[in-house]
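Everything below concerns the one structure shown next.
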Amino acid sequence: MKFELDTTQGRARRGRLIFERGTVETPAFMPVGTYGTVKGMTPEEVRETGADILLGNTFHLWLRPGEEIMRKHGDLHDFMNWQRPILTDSGGFQVFSLGDIRKITEEGVHFRSPINGEKIFLDPEKSMQIQDSLGSDVVMIFDECTPYPATEDEARKSMQMSLRWAQRSRDEFDRLENPNSLFGIIQGGVYEDLRDESLNGLVDIGFDGYAVGGLAVGEPKEDMHRILEHVCPKIPADKPRYLMGVGKPEDLVEGVRRGVDMFDCVMPTRNARNGHLFTSEGVIKIRNARHRDDTSPLDDKCDCYTCKNYSRAYLYHLDRCNEILGARLNTIHNLRYYQRLMEGLRGAIETGTLDAFVTEFYTSQGREVPEVPELSD
């Protein structure tokens, strides 16, 4: 992977990630394909929304279908027929989400399969091996996602163990002679000094990119912004910056303003299936009865297949009847909305008009533009 940085405005960055399988324009949003599919979508449909790269889930793909079946197909690209870049998470967050059915030790994590209750062990080495079998273009280190809330001492112990796991991930990645890219994950909770210690340790080990983990796990939005403002300028400028698991459209806007290059989140797809649709004027809840006879498109500024061909009334009808097509059309729209937002942010950075773009983004939804500190590198 090669990262090119074209231009900046304040801390916002416009660039690209260049892989053998294709180029990813940044800032970028990655749709989530947990089980090797973006729910309800063919790879061609996902690509048509503007996506350059997908996220796959190491934990779930390890449990089903497993490494053996994956290798029989070649890798995850061949299995799901997506011949563009794929980033896979390490499984750490999913293990964190298991709660009481997992036990974390220095060696790794013991847990019971959420599928059949089988006892399973996952450690940094195994995570690297699984991601190698997936053929991931971007591999994430195995870490512990520090919970929120956590005391400073708890966050420190968690972060320091993640650093030790980062070294083990690096060593196993190199032993496997994996030709792809490995990203480190900065932990430390809401504590700036711990974030510094984590980042410095990761830079000493050396990675192809750096993710900010352990955010969007319940902390106040102000804390997320504060940590991003503190950490992003300290990440090596020639490496991509990835904010994991974020988020709402405004979170993407605010992340870009603070120097983030990459995002992922299930929100556009999950919300689509629940009838929450993103538009240039805010969220539309298609299940609201006022859409029953509305012949207008979801968003007259949107160029997606759904908006070009169907009315709000039709989408309301499909939802009321629990038709699969409704969830699919909603997903196409929400994913295209996210990609259009990223296209707009990239264009605004290129032309030096990011402030105007941000103002229009908020005012078109009847919202105030949030104040941010003067951000410059």
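Any Cβ shown, glycine's included, is placed from N, Cα and C.
With Cys302, Cys304, Cys307 listed by Swiss-Prot as binding Zn(2+), the candidate from His291, His317, His333 annotated for that site turns out to be His333.
Site annotation for substrate in Swiss-Prot covers Asp89, Ser90, Gly91, Gly92, Phe93, Asp143, Gly214, and the matching candidate from Gln9, Gln187, Gln339 is Gln187.
Between the listed ranges 99-103, 269-273, 294-298, Swiss-Prot ties the annotation region 'RNA binding' to 269-273. Looking at the stretches 21-27, 217-223, 245-251, 364-370, the one that Swiss-Prot records under the feature region 'RNA binding' is 245-251. Rounded to a whole value, the Cα-Cα separation of Gly91 (substrate binding site) and Cys304 (Zn(2+) binding site) is 33 Å. Residue pair Phe93 (substrate binding site) / His333 (Zn(2+) binding site) shows a Cα separation of 28 Å. Residues Asp89, Ser90, Gly91, Gly92, Phe93, Asp143, Gln187, Gly214 make up the record's substrate site, and a Cβ search at 8 Å around their centroid adds Val95, Phe96, Met140, Ile141, Phe142, Glu144, Cys145, Ser162, Ile185, Gly213, Met244 from the same chain.
Per-residue pLDDT, averaged across the region 'RNA binding' (269-273), gives 99.
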